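K.L.:
Attaching a single structure in C-alpha coordinates format; questions to follow.
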Amino acid sequence: MTIESRQKGVAKTARNPVKIAPQSTDQLLRKPSWIRVRSSNSQEFYEVKRILREQKLHTVCEEASCPNIGECFGKGTATFMILGDLCTRRCPFCDVAHGRPRPPDPEEPLHLAQSIAAMKLKYVVITSVDRDDLRDGGAQHFVDCIREVRAHSPQTKIEILVPDFRGRLDIALEKLFACPPDVMNHNLETVPRLYRQCRPGADYTHSLRLLKEFKARFPGIPTKSGLMLGLGETDEEILDVMRDLRKHDVEMLTIGQYLQPSIGHLPVMRYVTPGAFKEFERAAIEMGFSNAACGPMVRSSYHADQQAHEAGIIQR
(Lines of atoms letter the chains of each structure in order from A and count residues from 1; the text may use other names and numbers.)
(Lines give C-alpha, C1' and ligand atoms only; values in the text may rest on other atoms or scores of the structure.)
Protein backbone atom coordinates (compact mmCIF):
# COMPACT_ATOMS: atom_id res chain seq x y z
CA MET A 1 0.00 0.00 0.00
CA THR A 2 1.43 3.37 -1.03
CA ILE A 3 1.25 6.54 1.02
CA GLU A 4 -2.14 8.25 0.61
CA SER A 5 -3.92 5.19 -0.83
CA ARG A 6 -7.37 5.17 0.74
CA GLN A 7 -9.54 2.22 1.71
CA LYS A 8 -13.12 2.53 2.94
CA GLY A 9 -16.04 0.17 3.46
CA VAL A 10 -15.54 -3.39 2.20
CA ALA A 11 -12.00 -2.74 0.95
CA LYS A 12 -10.98 -1.43 4.36
CA THR A 13 -12.31 -4.38 6.37
CA ALA A 14 -11.46 -7.23 3.96
CA ARG A 15 -8.42 -8.34 6.00
CA ASN A 16 -10.14 -8.17 9.40
CA PRO A 17 -10.30 -11.42 11.43
CA VAL A 18 -14.11 -11.32 11.65
CA LYS A 19 -15.72 -10.80 8.25
CA ILE A 20 -18.82 -8.71 7.61
CA ALA A 21 -21.49 -10.71 5.82
CA PRO A 22 -22.78 -8.92 2.70
CA GLN A 23 -26.18 -7.33 3.24
CA SER A 24 -28.91 -6.09 0.97
CA THR A 25 -30.81 -2.95 1.90
CA ASP A 26 -33.94 -4.94 2.74
CA GLN A 27 -31.98 -6.79 5.46
CA LEU A 28 -31.15 -3.59 7.33
CA LEU A 29 -33.12 -2.60 10.41
CA ARG A 30 -35.42 0.32 9.76
CA LYS A 31 -34.41 3.48 11.61
CA PRO A 32 -36.94 4.36 14.30
CA SER A 33 -38.64 7.73 14.59
CA TRP A 34 -36.29 8.99 17.31
CA ILE A 35 -33.24 8.87 14.99
CA ARG A 36 -33.34 12.32 13.41
CA VAL A 37 -30.52 14.24 11.73
CA ARG A 38 -30.47 18.02 11.32
CA SER A 39 -29.90 19.36 7.79
CA SER A 40 -26.66 21.15 6.92
CA ASN A 41 -27.48 24.45 5.20
CA SER A 42 -26.91 27.32 7.62
CA GLN A 43 -24.49 30.20 7.09
CA GLU A 44 -22.47 29.07 10.12
CA PHE A 45 -22.15 25.57 8.62
CA TYR A 46 -20.48 26.88 5.48
CA GLU A 47 -18.33 29.35 7.43
CA VAL A 48 -16.89 26.50 9.52
CA LYS A 49 -16.17 24.51 6.36
CA ARG A 50 -14.46 27.54 4.82
CA ILE A 51 -12.14 28.01 7.81
CA LEU A 52 -11.28 24.30 7.88
CA ARG A 53 -10.40 24.21 4.17
CA GLU A 54 -8.37 27.42 4.35
CA GLN A 55 -6.30 25.98 7.21
CA LYS A 56 -6.12 22.49 5.62
CA LEU A 57 -7.66 20.90 8.70
CA HIS A 58 -9.72 17.74 9.12
CA THR A 59 -12.64 17.06 11.44
CA VAL A 60 -13.94 13.77 12.72
CA CYS A 61 -17.38 15.23 11.97
CA GLU A 62 -16.65 14.97 8.23
CA GLU A 63 -14.25 12.02 8.03
CA ALA A 64 -16.36 9.72 10.21
CA SER A 65 -19.66 10.85 8.62
CA CYS A 66 -21.06 11.96 11.98
CA PRO A 67 -24.85 12.41 11.87
CA ASN A 68 -24.61 15.52 14.05
CA ILE A 69 -22.42 17.51 11.65
CA GLY A 70 -25.25 19.83 10.63
CA GLU A 71 -26.04 20.80 14.20
CA CYS A 72 -22.42 21.19 15.35
CA PHE A 73 -21.15 23.10 12.30
CA GLY A 74 -24.35 25.14 12.41
CA LYS A 75 -23.42 26.23 15.95
CA GLY A 76 -19.88 27.09 14.84
CA THR A 77 -18.23 24.14 16.59
CA ALA A 78 -16.24 21.15 15.37
CA THR A 79 -14.15 18.27 16.65
CA PHE A 80 -10.73 18.65 15.10
CA MET A 81 -8.95 15.54 13.83
CA ILE A 82 -5.17 15.87 13.73
CA LEU A 83 -2.43 13.72 12.20
CA GLY A 84 -4.15 13.39 8.83
CA ASP A 85 -7.27 11.67 7.58
CA LEU A 86 -5.89 8.14 7.10
CA CYS A 87 -6.03 5.65 9.98
CA THR A 88 -3.68 2.70 10.44
CA ARG A 89 -6.55 0.61 11.90
CA ARG A 90 -9.50 -1.05 10.15
CA CYS A 91 -12.35 -0.73 12.68
CA PRO A 92 -15.50 -1.87 10.83
CA PHE A 93 -17.85 0.52 12.65
CA CYS A 94 -15.88 3.61 11.64
CA ASP A 95 -16.06 5.52 8.34
CA VAL A 96 -12.57 7.06 8.56
CA ALA A 97 -10.43 5.79 5.68
CA HIS A 98 -7.60 3.29 6.23
CA GLY A 99 -4.23 3.74 4.61
CA ARG A 100 -0.56 4.52 5.07
CA PRO A 101 -0.55 8.13 6.28
CA ARG A 102 1.94 10.86 5.58
CA PRO A 103 4.32 12.13 8.30
CA PRO A 104 2.76 14.62 10.74
CA ASP A 105 2.39 18.13 9.34
CA PRO A 106 4.60 20.43 11.46
CA GLU A 107 2.36 23.39 10.54
CA GLU A 108 -0.84 21.72 11.72
CA PRO A 109 -0.64 22.84 15.39
CA LEU A 110 -0.38 26.49 14.30
CA HIS A 111 -3.19 26.17 11.74
CA LEU A 112 -5.35 24.49 14.36
CA ALA A 113 -4.70 27.21 16.92
CA GLN A 114 -5.43 29.96 14.40
CA SER A 115 -8.73 28.33 13.44
CA ILE A 116 -9.84 27.95 17.05
CA ALA A 117 -8.97 31.59 17.73
CA ALA A 118 -10.87 32.70 14.61
CA MET A 119 -13.92 30.70 15.69
CA LYS A 120 -13.63 32.12 19.24
CA LEU A 121 -14.23 28.71 20.77
CA LYS A 122 -14.32 28.42 24.55
CA TYR A 123 -14.09 24.63 24.47
CA VAL A 124 -12.50 22.37 21.85
CA VAL A 125 -12.14 18.65 21.32
CA ILE A 126 -9.02 17.44 19.52
CA THR A 127 -8.91 13.84 18.34
CA SER A 128 -6.82 11.87 15.86
CA VAL A 129 -6.64 8.84 13.67
CA ASP A 130 -4.62 5.91 15.00
CA ARG A 131 -0.96 6.31 14.06
CA ASP A 132 0.66 2.94 14.70
CA ASP A 133 3.43 4.05 12.33
CA LEU A 134 4.74 6.63 14.82
CA ARG A 135 7.04 5.75 17.71
CA ASP A 136 4.88 7.66 20.23
CA GLY A 137 1.55 7.01 18.49
CA GLY A 138 1.25 10.73 17.77
CA ALA A 139 1.37 11.88 21.41
CA GLN A 140 3.96 14.61 20.78
CA HIS A 141 1.74 16.07 18.06
CA PHE A 142 -1.13 16.24 20.55
CA VAL A 143 1.17 18.11 22.95
CA ASP A 144 2.27 20.52 20.20
CA CYS A 145 -1.37 21.24 19.37
CA ILE A 146 -2.32 21.82 23.01
CA ARG A 147 0.57 24.27 23.45
CA GLU A 148 -0.28 26.25 20.31
CA VAL A 149 -3.97 26.47 21.18
CA ARG A 150 -3.17 27.74 24.67
CA ALA A 151 -0.72 30.27 23.25
CA HIS A 152 -3.38 31.71 20.93
CA SER A 153 -6.47 31.17 23.12
CA PRO A 154 -5.39 30.96 26.77
CA GLN A 155 -8.98 30.86 28.06
CA THR A 156 -10.01 27.95 25.83
CA LYS A 157 -10.43 24.59 27.55
CA ILE A 158 -9.10 21.57 25.67
CA GLU A 159 -10.40 18.01 25.65
CA ILE A 160 -8.35 15.41 23.81
CA LEU A 161 -9.89 12.19 22.52
CA VAL A 162 -6.89 9.92 22.08
CA PRO A 163 -6.29 6.55 20.40
CA ASP A 164 -5.05 3.64 22.51
CA PHE A 165 -1.32 4.13 21.73
CA ARG A 166 -0.99 0.36 21.31
CA GLY A 167 2.53 -0.79 22.13
CA ARG A 168 3.55 2.80 22.85
CA LEU A 169 1.58 3.61 25.98
CA ASP A 170 4.47 4.45 28.30
CA ILE A 171 6.14 6.69 25.72
CA ALA A 172 2.84 8.38 24.86
CA LEU A 173 1.88 9.05 28.47
CA GLU A 174 5.30 10.50 29.21
CA LYS A 175 4.80 12.95 26.32
CA LEU A 176 1.29 13.90 27.46
CA PHE A 177 2.46 14.45 31.02
CA ALA A 178 4.53 17.41 29.76
CA CYS A 179 1.42 19.33 28.68
CA PRO A 180 -1.82 17.69 29.81
CA PRO A 181 -5.27 18.66 28.51
CA ASP A 182 -8.22 19.88 30.57
CA VAL A 183 -10.13 16.63 29.90
CA MET A 184 -8.62 13.27 28.92
CA ASN A 185 -10.95 11.13 26.78
CA HIS A 186 -10.42 7.64 25.41
CA ASN A 187 -13.34 5.58 24.14
CA LEU A 188 -13.79 1.91 24.99
CA GLU A 189 -16.44 1.85 22.22
CA THR A 190 -17.97 -1.55 23.05
CA VAL A 191 -17.93 -4.54 25.40
CA PRO A 192 -14.86 -6.82 25.64
CA ARG A 193 -16.66 -9.79 24.03
CA LEU A 194 -17.00 -7.81 20.79
CA TYR A 195 -13.48 -6.37 20.60
CA ARG A 196 -12.14 -8.90 18.08
CA GLN A 197 -15.02 -8.10 15.75
CA CYS A 198 -15.39 -4.36 16.36
CA ARG A 199 -11.92 -3.15 17.38
CA PRO A 200 -9.34 -5.44 15.71
CA GLY A 201 -5.90 -4.54 17.03
CA ALA A 202 -7.24 -3.00 20.25
CA ASP A 203 -7.27 -4.48 23.75
CA TYR A 204 -9.92 -3.77 26.39
CA THR A 205 -7.61 -3.99 29.42
CA HIS A 206 -4.98 -1.87 27.68
CA SER A 207 -7.53 0.90 27.10
CA LEU A 208 -8.57 0.80 30.75
CA ARG A 209 -4.92 1.01 31.78
CA LEU A 210 -4.44 4.14 29.65
CA LEU A 211 -7.27 5.89 31.49
CA LYS A 212 -6.15 4.65 34.91
CA GLU A 213 -2.51 5.65 34.52
CA PHE A 214 -3.32 9.12 33.25
CA LYS A 215 -5.67 9.66 36.17
CA ALA A 216 -3.06 8.43 38.65
CA ARG A 217 -0.62 11.06 37.40
CA PHE A 218 -3.20 13.87 37.17
CA PRO A 219 -5.96 13.23 39.72
CA GLY A 220 -7.37 16.72 39.18
CA ILE A 221 -7.97 16.26 35.44
CA PRO A 222 -11.27 14.54 34.55
CA THR A 223 -11.11 11.34 32.51
CA LYS A 224 -13.86 10.37 30.11
CA SER A 225 -14.91 7.44 27.92
CA GLY A 226 -17.66 6.55 25.47
CA LEU A 227 -19.64 3.53 24.32
CA MET A 228 -21.85 2.67 21.35
CA LEU A 229 -24.99 0.55 21.57
CA GLY A 230 -26.34 -1.63 18.78
CA LEU A 231 -23.31 -3.77 17.92
CA GLY A 232 -24.60 -6.97 19.53
CA GLU A 233 -23.95 -6.24 23.21
CA THR A 234 -26.38 -6.88 26.04
CA ASP A 235 -27.54 -4.34 28.60
CA GLU A 236 -25.77 -6.22 31.39
CA GLU A 237 -22.50 -6.20 29.44
CA ILE A 238 -22.77 -2.42 29.11
CA LEU A 239 -23.37 -2.09 32.85
CA ASP A 240 -20.30 -4.26 33.48
CA VAL A 241 -18.17 -1.96 31.29
CA MET A 242 -19.51 1.05 33.19
CA ARG A 243 -18.48 -0.61 36.44
CA ASP A 244 -15.01 -1.29 35.01
CA LEU A 245 -14.68 2.37 34.05
CA ARG A 246 -15.51 3.47 37.57
CA LYS A 247 -13.00 0.96 38.99
CA HIS A 248 -10.43 2.72 36.81
CA ASP A 249 -11.44 6.16 38.13
CA VAL A 250 -13.19 7.40 34.97
CA GLU A 251 -15.62 10.20 35.86
CA MET A 252 -17.40 11.22 32.65
CA LEU A 253 -19.34 8.98 30.27
CA THR A 254 -21.07 9.15 26.90
CA ILE A 255 -23.30 6.42 25.46
CA GLY A 256 -24.91 6.69 22.03
CA GLN A 257 -26.56 4.64 19.29
CA TYR A 258 -24.32 3.03 16.67
CA LEU A 259 -25.41 3.97 13.14
CA GLN A 260 -24.06 2.00 10.18
CA PRO A 261 -22.17 4.34 7.80
CA SER A 262 -22.64 1.99 4.81
CA ILE A 263 -23.50 -1.63 3.99
CA GLY A 264 -19.75 -2.30 4.07
CA HIS A 265 -19.73 -1.64 7.82
CA LEU A 266 -21.03 -3.63 10.77
CA PRO A 267 -24.82 -3.83 10.75
CA VAL A 268 -26.98 -2.31 13.47
CA MET A 269 -28.17 -5.19 15.64
CA ARG A 270 -30.70 -3.16 17.64
CA TYR A 271 -31.99 0.36 18.12
CA VAL A 272 -32.06 1.31 21.78
CA THR A 273 -35.02 3.42 22.90
CA PRO A 274 -34.60 6.88 24.45
CA GLY A 275 -36.10 5.48 27.65
CA ALA A 276 -33.43 2.77 27.84
CA PHE A 277 -30.71 5.40 27.37
CA LYS A 278 -32.19 7.32 30.30
CA GLU A 279 -31.91 4.17 32.41
CA PHE A 280 -28.21 3.88 31.55
CA GLU A 281 -27.77 7.54 32.48
CA ARG A 282 -29.49 6.97 35.81
CA ALA A 283 -27.33 3.90 36.47
CA ALA A 284 -24.18 5.86 35.62
CA ILE A 285 -24.93 8.56 38.19
CA GLU A 286 -25.70 5.89 40.79
CA MET A 287 -22.31 4.28 40.05
CA GLY A 288 -20.57 7.56 40.78
CA PHE A 289 -19.91 9.12 37.36
CA SER A 290 -19.83 12.89 37.79
CA ASN A 291 -21.54 13.35 34.44
CA ALA A 292 -23.20 11.00 31.94
CA ALA A 293 -24.62 11.94 28.54
CA CYS A 294 -26.70 9.05 27.21
CA GLY A 295 -29.02 9.23 24.21
CA PRO A 296 -29.52 7.95 20.66
CA MET A 297 -27.65 10.81 18.98
CA VAL A 298 -24.98 11.27 21.66
CA ARG A 299 -21.40 10.98 20.44
CA SER A 300 -18.18 11.27 22.43
CA SER A 301 -17.62 14.89 21.46
CA TYR A 302 -21.26 15.88 20.81
CA HIS A 303 -22.18 18.76 23.15
CA ALA A 304 -18.85 18.17 24.90
CA ASP A 305 -18.87 21.82 25.94
CA GLN A 306 -22.24 21.38 27.62
CA GLN A 307 -21.05 18.25 29.41
CA ALA A 308 -17.92 20.10 30.55
CA HIS A 309 -20.07 22.96 31.83
CA GLU A 310 -22.29 20.56 33.79
CA ALA A 311 -19.15 18.97 35.24
CA GLY A 312 -17.87 22.40 36.33
CA ILE A 313 -14.91 22.44 33.91
CA ILE A 314 -15.99 25.60 32.09
CA GLN A 315 -18.18 28.56 32.99
CA ARG A 316 -20.65 30.18 30.61
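Glycine residues also receive a Cβ, built from the backbone N, Cα and C atoms like all the rest.
According to Swiss-Prot, the feature [4Fe-4S] cluster 1 binding site maps to CYS61, CYS66, CYS72, SER301. Annotation source Swiss-Prot lists domain 'Radical SAM core' at 73-290. What Swiss-Prot records for CYS87, CYS91, CYS94 is [4Fe-4S] cluster 2 binding site, and it gives sequence analysis as the kind of evidence.
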K.L.:
Cα of CYS87 ([4Fe-4S] cluster 2 binding site) to Cα of SER301 ([4Fe-4S] cluster 1 binding site): how many Å, rounded?
P.N.:
19
K.L.:
Which number gives the other C-beta atoms within 10 angstroms of the C-beta of CYS94 ([4Fe-4S] cluster 2 binding site), all protein chains shown included?
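P.N.:
A count of 25.
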K.L.:
If you count other Cβ atoms within 10 Å of each one's Cβ, which of the binding-site residues CYS87, CYS91 has the most?
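P.N.:
When each Cβ's neighbours within 10 Å are tallied, CYS87 tops the list.
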K.L.:
Could you measure between SER301 ([4Fe-4S] cluster 1 binding site) and CYS94 ([4Fe-4S] cluster 2 binding site) for me? Cα positions, answer in whole angstrom.
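P.N.:
With distance taken Cα to Cα, CYS94 ([4Fe-4S] cluster 2 binding site) is 15 Å from SER301 ([4Fe-4S] cluster 1 binding site).
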K.L.:
Tell me, how many other CB atoms lie within 10 A of the CB of SER301 ([4Fe-4S] cluster 1 binding site), whichever protein chain they belong to?
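P.N.:
I count 29 other Cβ atoms within 10 Å of it.
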